């Protein structure tokens with residue numbers, strides 16, 4: 001199974017091997033180096049494909065249904081699975097880093113090769129133009145020797161530049177990878193720092209909420225105590241009012257009973273007085289009726305005398 005990893009330098013211009021200059025010695029060296037690296041990447045891809053195939057097979061295999069099978073503990077299987085998963089994840093990271101490094105080297109080398117080729121073409125064109133201008137002049141033996149020595153020095157310098165060129169490519173790739181790793185580590189540290197800061201803020205808020213709950217509980221206890229005191233006062237007040245009402249009712253009843261007794265006494269006295277008055281009236285009427293007889297008798301007695 002082929003694993004396609006997108007290149008981070010896909011935007012750079014990369015020409016085919018047919019368009020590269022055949023006389024460039026460093027291009028041949030780079031081609032040989034890439035060919036030597038290909039088997040390693042193919043082996044890594046094959047190992048990764050075999051790992052994915054074994055995972056798929058392991059997932060699709062049926063469990064034996066015999067009663068004599070011995071089941072391993074789940075925690076051991078889980079630990080082994082996590083260990084294998086970490087190993088494969090580490091291998092995947094290494095594979096991705098290798099592919100990225102290789103692609104970066106190819107891209108940087110391609111760009112530098114194009115730059116060097118352009119420099120050579122410009123230089124050759126300028127030399128041709130200068131040669132055409134100086135074609136009419138004859139060259140002495142000393143000038144020829146000096147030119148030859150200068151060409152040899154330039155060739156040696158170009159070889160050194162080619163060696164330095166590959167070293168520069170490797171160094172730039174390493175610097176880029178280290179820079180990206182540093183950036184990733186910085187981002188991870190920043191995320192951890194943000195998590196720590198967020199956790200600290202949450203802990204502070206939690207502590208504030210706990211303190212607030214404690215204060216509210218204290219206020220609630222005090223309010224309950226006040227409510228209980230008010231309830232006691234209300235009960236005592238109600239009892240006092242009820243007792244006062246009972247006393248008032250008893251006094252009113254006693255006063256009513258006394259007044260009823262007084263009323264009865266007064267009614268009896270009034271009845272007696274009324275009887276006496278009637279008797280007095282009857283006696284007066286009798287006296288008034290007897291007065292003329294008494295006067296007549298007195299007159300008779302006077303005459304007889």
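Cβ atoms are placed via backbone N, Cα and C, with glycine included.
Copied over from TrEMBL:
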type	residues	note
REGION	16-87	region 'Disordered'
COMPBIAS	78-87	compositional bias 'Basic and acidic residues'
COMPBIAS	116-126	compositional bias 'Basic and acidic residues'
REGION	116-163	region 'Disordered'
COMPBIAS	145-163	compositional bias 'Basic and acidic residues'
REGION	279-305	region 'Disordered'
COMPBIAS	295-305	compositional bias 'Basic residues'
For the compositional bias 'Basic and acidic residues' (78-87), distant same-chain residues with Cβ under 8 A (at least six beyond the ends): none
Secondary structure composition of the compositional bias 'Basic and acidic residues' (78-87) [DSSP: H/G/I, E/B, coil]: 10 helix, 0 strand, 0 coil
Helix, strand and coil counts within the compositional bias 'Basic and acidic residues' (116-126) (DSSP): 11 helix, 0 strand, 0 coil
